[in-house]
Amino acid sequence: MLAQKFAHTTLRSSVALRGDGWFLSGKLTLRTKSFGPARSRTLHSNCRASLKTGIVGLPNVGKSTLFNALVENSRAQAANFPFCTIEPNFGTVPVLDGRLDVLARISGTKNIVPTAVEIVDIAGLVEGASEGQGLGNKFLANIRECDAIIHVVRCFDDDNIVHVNGSVDPKRDAAIINSELALSDMSQIQKRIDKVRKSKGKVHIDGQTAETEIEILSNILTQLEDGKQVRQLKLNEDELFVIKELNLLTAKPCIYAANLPEGDLPTNGATNVHFQALSKLATDSEAGLCAVSAQVAAELKDLTQEERDDFLSCIGVESDGTKELIEVAYRQLNLLTYFTTGEKETRAWTIKRGFTAPQAAAVIHTDFEKGFIKAETVHYDDFVTSGGFAGAKEKGVWQLEGKDYVVQEGDVIVFKVNA
């Protein structure tokens, strides 16, 4: 069915550094043997310490309500009719981490800076978006700029809130969005194949022939036509390299945000049939899943902390699910947090898992990767039990690491770099 829809659409169209800066430009060297002789590559990660996550879904499922709850001082329009959002709304959400407070207390820090996630509230997609329906092309372009997707799916029944398809069916609703994302990807791939065919015989990406690139793209296209999403495919390094510049939508990490009624929050959706259907879909498609209540989150937004605690206690939960949603997004993006701490500032930094110490230093300033000398590291738990830097050194848990050290979740680091 997806292949038929695609066929139809294609016919129509030396100093110690503890932190100051926000952008990351790391490098990852890969070695591949899949096609031709082995060769080395340098991939520029172009990761930002503040990563961009797009909120998508059908119209009127609670996207803007959830966005407003996540983003402080946000007042994105949220109304009981489809397409109340046309232009994307942008906001930044601090990632709350209790470890920062502990580190700051030990270091006597004056300033605490958490890491952050940039959230984009994207207008509701409808069936036919990949063909331009409902300003679909514009909305899909907004998603393409994001690092990950939070897919809001309605999991509550309420006759007072309009549903664009007339009924609540999470599996159907999610499939509509996923199909449009896949169709958009298929169009991107087909355009690339057509372009490569016109220049057949020339050397293409990283020394590969046109035939090799077409073979890779055609294989991925076939699997998309069969209903797979790119993130489900076990792509090798050659294949990943070929599709990198296409920025495919279904290759992005996806987190389903199951928008539950207030009464189902205490059981985390265990008795909600809609949530159970979405849970199976998330597992089958290798996506993340988090139970949230956009309405509860909206009600908590303007309350004091004491009032929030009382409200949550009254309905029998500890959270509206928004904090957990950000945590799930981090896991899906394969991120970790390391810390820098001192008298002036305690700060959390976000990097991809597998980054080496020089790459982690580049998040503070891009020049620090080239000027890297060494990293003094101690795990957060050891730092706390030792009472700080001095105690960690006395106990022998403060380690001196070189350029090959792979940074771990919760590392507290002092970088030594050439000034």
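Positions of Cβ are set from backbone N, Cα and C atoms, glycine also.
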Candidate from LEU249, LEU260, LEU265, LEU281 that TrEMBL assigns to the same ATP site as ASN60, VAL61, GLY62, LYS63, SER64, THR65: LEU260
Using a 10 Å cut-off, grab the number of neighbouring Cβ atoms around the Cβ of ASN60 (ATP binding site), all chains included. 21
Fewest neighbouring Cβ atoms within 10 Å among the binding-site residues VAL61, GLY62, LYS63, THR65, LEU260 goes to THR65
Residue distribution over DSSP helix, strand and coil in the domain 'TGS' (334-417): 23 helix, 34 strand, 27 coil
Find the average pLDDT over the domain 'TGS' (334-417) in the predicted model and report it. 96
